[in-house]
Amino acid sequence: MGQITLQGVAKRFGEVEVIPPLDLAIDDGEFVVFVGPSGCGKSTLLRLIAGLEDVSGGRILIDGKDATDASPAKRGLAMVFQSYALYPHMSVRKNIAFPMKMAGVPQDEQNRRIEAAAKALNLTDYLDRRPGQLSGGQRQRVAIGRAIVREPAAFLFDEPLSNLDAALRVGMRLEISELHNRLKTTMIYVTHDQVEAMTMADKIVVLQAGRIEQVGSPLDLYHSPRNVFVAGFIGSPKMNLFSGAPAAEYGAATIGVRPEHIRISATEGKWKGRIGVSEHLGSDSFFYVEDTGLAETVTVRSTGEVNLHHGDTVWLTPDEDKIHKFDKNGDRI
Amino acid sequence: MATRQTQGLARLMRAPAIILLFLWMIVPLGMTLYYSFLNYNLLNPGMTSWAGWFNYQYFYSDPAFFAAIWNTLVLVLGVLAITVIGGIAIAMLIDKPIWGQGIVRILVISPFFVMPPVAALIWKNMIMHPSYGVLADIARFFGASPVDWFAQYPLTSIILIVAWQWLPFATLILLTALQSLDTEQMEAAEMDGAPAHARFLYLVLPHMARAITVVILIQTIFLLGIYAEILVTTNGGPGFASTNLTFLIYRAARLNFDIGGAAAGGIIAVILANLVAIFLMRAVGRNLD
């Protein structure tokens, strides 16, 4: 079980309101990702749920029970930290055993769970090493192992992949997703990387300045962003946002078109421009088109190989029914 | 990197400094060793003659000798125990953010700036004095009879004074170690269900092991040579109750003018210091790796 409900949870540091009161429901077994730019309060929100920070208002319910004033240990949640926070003078085995030792789990049960976790995480050969002798990815797995053996109601991940290199990050992303599929335990995952959010989440919570901008499945957010912020934040490369005359044509203050919803042509189209930078990846081609009069650069993505290069004059045509329209407050029309 | 030529050159360039250091060490040691085998008394400096092992036999048969070795060890271990345990406690207290932190830290560190004879005199005359010391006032306030510290507990009194002087040093070193403890580790332990005493035992103490080793090693070096505090308070007495090895050597050299005997005591002190050093490096040295 791992159902977490936030009711009017708020956090103030002195006079500064970091998180205005917010409500959020997380269902049992869900993989929820908190995503937002740095300083948006996503880590603070996670620490409030973990109990490492005290709430300034509101209630936190875990499995229907009020856990607002419970100590972190009593909430039955396990956390994986950005720095891994392994105990440097203990072997991997002792690191993983530590929470069970504190809980007074019998020795043979401890060993059984350690073996199981080590096998699942490919750590069997490293059990007697110290954290200092492991690579970044291995340390990350030890931290996850230490969380798994507690059999928690929910896992909390605080930007766990940001200290890893790009290739390792993709691998660990898959491992965490597989872990979630196997354990079916609630996971709350904090990241600033929208690609991690899109690939892993059942439900994404987009945060900005402590406020929840939108909650929904990755494709909900992609297809119908509720406002300009979510539109610009979700999707890579970013959505093109135009305001002024081209938007007024569609009866909106701002319009947004994703790079994959613009057709590029050397001969005809709606908007004229000149290619600044072109990136040819084989499977995709990206063009950064300048001098369109719409925005500084317009990003265009087309599939396959397109024979257009720097300096070429091109015409752009948006996919009319994929245009997102926003009013002057930035909300979706 | 190090080819044969550069190694030879490097050896040549290092040589002056190393030779100077070696002479600096070996000349005084050699002279002490030489004097320890002489009958050499400042009252009769013309009558110098070879003594053989007599000075060592004389020092060994001195009734104060074993008392002095015992007192030296008690003094070192007593001060180490108080400063390490007290240092950890005070470091953990002033590590927490409190109002007036800067002033509190300066106050904690200030005893270290007081010169040893001055500190000892203050303790002797203003704190531990049986008729007008602060402790006597407190005892009288509670209706108890004042304790004559230096007569009744001479060695304990000196341990207290020296510990008061060295506590800031231990606190300072241990505080810096404590400040480098990763807060995420502590939070992880908190989430793992470790109560405060378990976090101290399994995280804080292992983290501070290296700093504690440094404190023990450095303090031992200085505590083996404690002298000024004894001179201005008990003068080694009553009897030999607060005489350590250093003070015994001082008595031989400056009260009896016996240079040969003092030199023999000095050599014994060097051997004792090395024994303590070997024991310490075995016991705690692996923490320095």
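Using the three backbone atoms N, Cα and C, a Cβ is placed for every residue, glycine included.
Here is what TrEMBL says about this protein:
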- B:69-280: domain 'ABC transmembrane type-1' (DOMAIN)
- B:12-37: transmembrane segment (TRANSMEM)
- B:64-91: transmembrane segment (TRANSMEM)
- B:103-123: transmembrane segment (TRANSMEM)
- B:155-179: transmembrane segment (TRANSMEM)
- B:200-228: transmembrane segment (TRANSMEM)
- B:259-281: transmembrane segment (TRANSMEM)
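If you look at the transmembrane segment (B:200-228) against the transmembrane segment (B:12-37), you find fewer than three C-beta pairs under 8 angstroms, all six or more positions apart, and that falls short of contact. When Cβ distances are compared across the two stretches, the transmembrane segment (B:155-179) makes no contact with the transmembrane segment (B:12-37), since fewer than 3 pairs at least 6 residues apart fall below 8 angstroms. Residues 29, 32-42, 51, 55-56, 58-59, 69, 72, 76, 216-217, 220, 224, 245-246, 248-250, 252-253 of the same chain sit 6 or more residues outside the transmembrane segment (B:259-281) yet have a Cβ under 8 Å from a Cβ within it.
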